[in-house]
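The structure appears right after this line, and notes come after that.
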Amino acid sequence: METLFRAFMLIFLSFVLVSWSAPVPDGKDISPSRTEIEDQLAKNYLKAFYNMSSRSIGRSANSAFTEKIKEMQQFFGLNVTGTLDNKTLAVMKSSRCGVPDVGNYNLMDTNLKWENNVITYRLVNYTPDLQPAEVDKAIASALGVWSSASPLKFSKIDSGIADIMISFASGDHQDPYPFDGPGKTLAHAYYPGSGIGGDAHFDEDETWSISAKAINLFLVAAHEFGHSLGLSHSSDPSALMYPTYHYADTANYKLPEDDMKGIQALYGIPTAATTVASTTTAQTKTTTKGNQPSPTQTTAATSARARSETTTKANEACRDNMSIDAAFVLGDQIYLITNGTVWVKQPSKTVVKSSVQTLWKNMPTPIDAAYALPAQNSVVLFKGRQYWAFRGNALRYGYPKDISNYKLPSSVKKIDAVENFPQTRKIDFFVEDKYYRFNDVKYTIDKTSPIAESYPGLGKKVDAAFQLNGFLFVTSGATLFKYDYRINKVVENWNIKAWIGC
């Protein structure tokens with residue numbers, strides 16, 4: 001009986017072992033394929049940095065997944081194919097900044113800046129990878145990159161709350177954006193603001209250095225402090241604010257032109273007394289924007305968005321009998337475009353002078369009309385029968401397009417002015433002595449009417465239009481009109497040059 005039992009057990013165990021070691025039917029491997037892994041990598045990447053919906057995971061030619069790949073390829077200057085080729089995957093696998101590449105910044109975002117030009121900073125702790133003196137020097141040098149190109153001064157404090165609180169941490173470090181281990185997100189920083197605003201966090205899981213070995217603290221810190229001062233990412237690979245990390249010679253490092261334009265658009269040109277100071281007096285954070293900002297995580301990042309050419313005195317930005325080709329409001333700034341020049345009127349009443357090519361590269365001039373899409377951080381520019389949509393200074397994928405998409409008749413060869421009404425989903429197109437009202441819900445023209453009848457007092461022709469503080473502002477020739485919708489009447493008018501502040 002015992003012999004029979006032993007024989008039975010041997011047969012049973014043999015069956016179990018064979019079952020465990022048997023291959024999956026049809027020879028299929030249960031591990032994910034390389035294509036599946038790449039798809040998941042791309043999906044996660046595009047969700048994080050290009051606002052791709054969780055439902056957009058297919059790879060068909062017409063899928064949102066493909067379109068988002070194209071958008072990413074365009075931003076990085078890759079061949080726009082919509083496929084996960086080797087170069088695209090290489091960028092996706094690179095250490096990079098956690099802030100989205102598109103749709104997360106405004107043009108000339110001067111509402112995200114420090115109110116004072118003396119900015120305090122404090123090192124909360126130090127990385128064990130370097131001596132404290134080496135960290136202090138790298139941080140001071142990184143701040144010096146920005147003070148050398150602007151009127152900003154930086155003052156180090158050793159206790160209390162500084163404008164820029166600097167710390168090294170790993171994993172979950174008591175903010176909404178935990179670090180992810182070595183070689184991915186290297187650091188992140190927050191735009192100017194109260195609370196966590198302006199602060200810079202560095203991933204302690206990285207190996208920090210002051211040379212080309214490992215991750216250079218000076219280069220990453222200089223990039224992060226660009227965010228702390230209000231700059232967003234640049235698509236210029238040579239810029240410090242470019243999203244991905246690359247080593248550059250740190251000896252006598254000079255701020256690239258793209259970044260210099262960006263910081264000077266926010267704070268102006270440097271003064272003779274600009275230095276990196278040192279003090280032990282604690283200060284309170286003060287900015288022009290009180291809301292707590294979102295972080296701009298950067299993993300191996302370098303570079304800032306160029307926003308304007310130079311800050312000028314108002315009388316340098318104006319001329320007698322000037323007229324405006326196009327205008328729009330984005331944030332709290334008014335953009336006035338004529339020929340290839342752009343004037344940005346700020347809340348402080350100063351005027352920043354820039355150019356179309358600086359803000360919107362390769363946009364043909366002169367621009368006929370423009371309107372803003374604040375919710376998308378975008379601007380739409382018109383010339384002839386075409387229109388271009390830019391998010392920041394990056395042309396959105398698929399543009400330019402024909403104005404027939406707005407259901408305008410083929411007889412319309414150019415648009416004189418346009419104004420967007422987001423609350424009602426209507427867009428008014430001014431063409432010669434009439435206007436067309438486009439319904440953005442039904443995609444139809446709801447109304448066509450002479451300008452003089454629907455907007456009494458504005459005359460027969462409109463050059464540019466924008467909304468501000470509940471009023472419609474319209475330019476015609478050298479005159480700016482303020483129109484009150486409630487009473488259908490012009491309530492005030494100015495000479496454009498005088499209104500700008502000449």
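Every residue number used here counts from 1 along the chain in the order it is shown.
Every residue, even glycine, has its Cβ placed from backbone N, Cα and C.
Note: TrEMBL annotation is automatic and uncurated.
Site annotation (TrEMBL): Ca(2+) 2 is bound by GLY197, ASP199, and the candidate from ASP163, ASP172, ASP180, ASP205 recorded at this site is ASP163.
When TrEMBL records ASP325, ASP368 as binding Ca(2+) 4, the matching candidate from ASP236, ASP446, ASP463, ASP484 it lists for that site is ASP463. Using a 10 Å Cβ-Cβ cutoff, ASP129 (Ca(2+) 1 binding site) registers 17 neighbours.
The most densely surrounded of the recorded positions GLU206, GLU224, judged by C-beta neighbours within 10 angstroms, is GLU224. In the three-state DSSP reading, ASP129 (Ca(2+) 1 binding site) counts as coil. Across the repeat 'Hemopexin' (364-410), DSSP helix (H, G, I), strand (E, B) and coil residues number 7 helix, 21 strand, 19 coil.
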